[in-house]
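Participant: Quick paste from TrEMBL:
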TRANSMEM  12-30  transmembrane segment
DOMAIN    54-184  domain 'Peptidase S54 rhomboid'
TRANSMEM  67-85  transmembrane segment
TRANSMEM  92-108  transmembrane segment
TRANSMEM  114-132  transmembrane segment
TRANSMEM  139-158  transmembrane segment
TRANSMEM  164-183  transmembrane segment
Amino acid sequence: MNEENQLKISKSIFLIPTLYVFGIWFIYWVEITFGFNFNKFGVYPRTLEGFRGVFLTHFIHSNTSHLFSNSIPLFVLLSSLFYFYKDVAYKVLLFGGFFTGFITWVIARESYHIGASGIVYLLFSFIFFSGIIRKHFRLVALSLIIIFLYGSMIWYVLPIKEGMSWEGHLSGFITGLIFAIIYRNKGLVKKQHEFNQTEFDLLFDEDGNFSPPKVEEEIEEI
């Protein structure tokens, strides 16, 4: 796909982020309106029942503060993903979401882990590292914007705040980095310019010294 088509605006750029954010708010509304508690559907590490959370955890939130903190980054990062990386956007979101949940299930503490923060860290990591790896000027600029907006998030892959699933953050961050490496040649990449030799180049030798070709004198026979 050429660069013009790659950066062409499509419905999915805003449709998918809108549906995702609307979906997590709707699920939370159902939970508080009808008195449900969906926390038990989150990731509970290393148990068969808790494995269902690998697929469901990204849609469950504990309170409105949790929802607000994820909603804006989700919309911004998902929109960026589907605009700049549309060739691999669905794969990153779906497979990346699965592996984020799976790694959390493997490494996390014995507690229910819920929230879309793992997806936020997945997208943050993928977009940032993809720009650095591919070296395309647009993607590098996007990486710098992302690190400016959300760079402080990096601290929360460490256990510095009680009650926060740093393992989910770390899982998303690692998964994003891996996917950035796997898909480094998909979509926009830095163009390698090839220089064609011209007649002017022939006037110089390999060391850059001016060395015009010798003109053979014409000899006329009598």
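Cβ atoms here come from the backbone N, Cα and C positions, even for glycine.
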Participant: Are there residues at least 6 beyond the ends of the transmembrane segment (67-85) whose Cβ is under 8 Å from a Cβ of it, and what are they?
Facilitator: 6-7, 9-10, 12-14, 16-18, 20-21, 24-25, 28, 61, 92-93, 115-117, 119-120, 123-124, 126-127, 130, 138-139, 142, 146, 149-150, 183, 186-188
Participant: Mean pLDDT for the domain 'Peptidase S54 rhomboid' (54-184), as a whole number?
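Facilitator: Across the domain 'Peptidase S54 rhomboid' (54-184), the average pLDDT comes out at 96.
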Participant: Please work out which recorded stretch in 92-108, 114-132, 139-158 has the most C-beta pairs separated by under 8 angstroms from the transmembrane segment (164-183)?
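Facilitator: Selected stretch: 114-132, with the most Cβ pairs under 8 Å.
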Participant: List, by number or range, the same-chain residues at least 6 past the transmembrane segment (114-132) whose CB is under 8 A from its CB atoms?
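Facilitator: Residues 20, 24, 38-39, 41-43, 53, 57-62, 66, 69-70, 73-74, 77-78, 80-81, 84-85, 92-93, 96-97, 100-101, 104, 139-144, 146-147, 150, 153, 157, 165, 168-177, 179-181, 183-184 contact the transmembrane segment (114-132) from elsewhere in the chain.
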Participant: Are there residues at least six beyond either end of the transmembrane segment (12-30) with Cβ under 8 Å to its Cβ atoms? List them, or say none.
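Facilitator: That would be 36, 38, 58-61, 64, 67, 70-71, 74-75, 78-79, 82-83, 86, 89, 93, 116.
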Participant: On the DSSP side of things, how many residues of the domain 'Peptidase S54 rhomboid' (54-184) fall into helix, strand and coil, could you say?
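Facilitator: So the counts come to 102 helix, 1 strand, 28 coil.
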